[in-house]
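If you check TrEMBL, you get these features:
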type	residues	note
BINDING	GLY10, LEU11, ASP12, ASN13, ALA14, GLY15, LYS16, THR17, GLY56, ASN112, LYS113, GLN114, ASP115	GTP binding site
BINDING	THR17, THR34	Mg(2+) binding site
Amino acid sequence: LFGLFFIIVGLDNAGKTTILYQFSMNEVVHTSPTIGSNVEEIVVNNTHFLMWDIGGQESLRSSWNTYYTNTEFVIVVVDSTDRERISVTREELYRMLAHEDLKKAGLLVFANKQDVKGCMTVAEISQNLQLTSIKDHQWHIQACCALTGEGLCQGLEWMMSRLRVR
């Protein structure tokens, strides 16, 4: 397999597709239709982004594991306005990080929709996701607004700097 593999997950409506579109910088984006199980693959400059909604049907979840091999980073997109469901994201995140094939993967959390009044702050999201308890993965949380692209470059830069370190 050639290229880098990143997984992008988040609850429905968190902003994953919008972020991916911003990443592609309006280049020609090759989207393959959902690979069997609500998984979309988008390739930008030899980087493969595999994307799916978490909190989806239990039945689909087991098929995700097949995408974990060779994954460099897990990017979790959080809707900063969705306080009710942040615990769902947390449970799913820890389930993923515990997986054998992801033990070397880095974690980037995008706290999206930071432009919305009354949203959770980065500190609140970090606390809700218990990020400081993650000891065996490199992680970073980045405030962003997918619609304007604000904060996305900083997140990508963090990932690239981690890749260079290894």
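Just so it is clear, glycine is given a Cβ too, placed from its N, Cα and C backbone atoms.
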**Prompt:** Hey, which of the binding-site residues LYS16, LYS113 is the loneliest by Cβ count within 10 Å?
**Reply:** LYS113
**Message:** For GLY10 (GTP binding site), which of the three DSSP-derived states applies: helix, strand, or coil?
**Reply:** strand
**Fill in**
Rounded Cα distance, in Å, between LYS113 (GTP binding site) and THR17 (Mg(2+) binding site) is 13
**Fill in**
Taking only the CA atoms, the spacing between THR17 (Mg(2+) binding site) and GLY10 (GTP binding site), expressed in whole angstrom, is 10
**Complete:** Within the same chain, the residues at least 6 apart in sequence whose Cβ is under 8 angstroms from that of ASP115 (GTP binding site) are CYS145, LEU147, THR148, GLU150
**Request:** Tally every other Cβ atom lying within 10 Å of the Cβ atom of ASP12 (GTP binding site).
**Result:** 13
**Other CB atoms, at most 10 A from the CB of ALA14 (GTP binding site)** = 27
